[in-house]
Amino acid sequence: MAAGGPSRSERKAAERVRRLREEQQRERLRQVSRILRKAAAERSAEEGRLLAESEDLVTELQGRSRRREGLKRRQEEVCDDPEELRRKVRELAGAVRNAKYLVVYTGAGISTAASIPDYRGPHGVWTLLQKGRSVSAADLSEAEPTLTHMSIARLHEQKLVQHVVSQNCDGLHLRSGLPRTAISELHGNMYIEVCTACTPNREYVRVFDVTERTALHRHQTGRACHKCGAQLRDTIVHFGERGTLGQPLNWEAATEAASKADTILCLGSSLKVLKKYPRLWCMTKPPSRRPKLYIVNLQWTPKDDWAALKLHGKCDDVMQLLMDELGLEIPRYSRWQDPIFALATPLRAGEEGTHSRKSLCRSREEPPPGERAAPLSSAPVLGGWFGRGCTKRTKRKKVT
């Protein structure tokens, strides 16, 4: 042996022994796994003896099996039967009426009716990618606010909902007519780009997806601020990033709303991301003083045990029943009244070639009587916290 440690040949021999033991352990694991898949009556005496000699492996494999089954059950969609769902909606309606400060948290599940895929559902983006299947890109310019979006806007108008905290980047809450001050889009808005060189940040609402050239840690959109000439950036917060923009993230309003809330309604969110934001759940308060939680989701969420009520149903179905129970009509979405056209800043001359994404456009039909839309060219440049709220609708029709 050389001074200072084993020789090279001794190290190689030790490595061979280690690898041999690992291979033997893997082979034993495979054998035990095959035996456990058999019914107890079908196992031979030799197989029974091997299981008795491998108690640690048996315990490990059985634990793995339980965890797999648990994960599988959590991914399954469960639907309440119609009568049970109506009963739960009646209870939810009572909570909405009695709430002193109701905050709504929304996730991708409220936009699936607009043909925007969710993330963790059976056909969600992450689910398909984990299965090695391709994910087709949705044309978000064709998406419109859903029955759920319009119901939330009406509930806010009626002062039954005080604030909306959304994980979605699709801009549909803004397009439903919710005032800017009433929305916190924690992960950004695909229609908004900002100049962070201006103080306060200068905000540009567009009628097209501004994220064409952006990605994780790469946020410049390829356009420049009309005032200072600095590069504009998108507002999207990717996984692994921290959102620092004032608007449209509006974190200050989200945390203030959470601190005031006595009731929280979660719609279409797996809550796997939102649960990581303790400020939204008032975790510094004792459990008895935290807001009552109501969850609408087809799948398991990590907040189910904390919920006062869990409704297993599609968001549009639940919100239709809820609005009927509350005696409120659901506003009809109209592209002629879509606030994004009044809020948007037109591209300047020479900027037309900076994007190739399809732009939103109003219907080719004539606007209904009383629905006059502001011309796009008259829209002001928006900056920071100075975004305008949306005008109230003059005509409403119940969606069936």
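Glycine residues also receive a Cβ, built from the backbone N, Cα and C atoms like all the rest.
Heads up, TrEMBL stuff is auto-annotated, nobody curated it.
The structure displayed is predicted, hence computed values, not measured ones.
If you check TrEMBL, you get these features:
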type	residues	note
ACT_SITE	His187	active site, proton acceptor
BINDING	Cys195, Cys198, Cys225, Cys228	Zn(2+) binding site
COMPBIAS	390-400	compositional bias 'Basic residues'
DOMAIN	82-329	domain 'Deacetylase sirtuin-type'
REGION	1-27	region 'Disordered'
REGION	354-400	region 'Disordered'
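Helix, strand and coil counts under DSSP for the region 'Disordered' (1-27) come to 20 helix, 0 strand, 7 coil.
Apart from Cys195, Cys198, Cys225, Cys228, the residues listed for Zn(2+), the same chain places the Cβ atoms of Thr196, Ala197, Asn201, Arg202, His226, Lys227, Gly229, Ala230, Leu232 within 8 Å of the centroid of those Cβ atoms. For His187 (active site, proton acceptor), the nearest neighbour among the listed binding-site residues (Cys195, Cys198, Cys225, Cys228), judged by C-alpha distance, is Cys195. A simple Cβ count within 10 Å picks out one of the binding-site residues Cys195, Cys198, Cys225, Cys228 as the most packed, and that one is Cys195. Confidence annotation: the domain 'Deacetylase sirtuin-type' (82-329) carries a mean pLDDT of 89 in the model.
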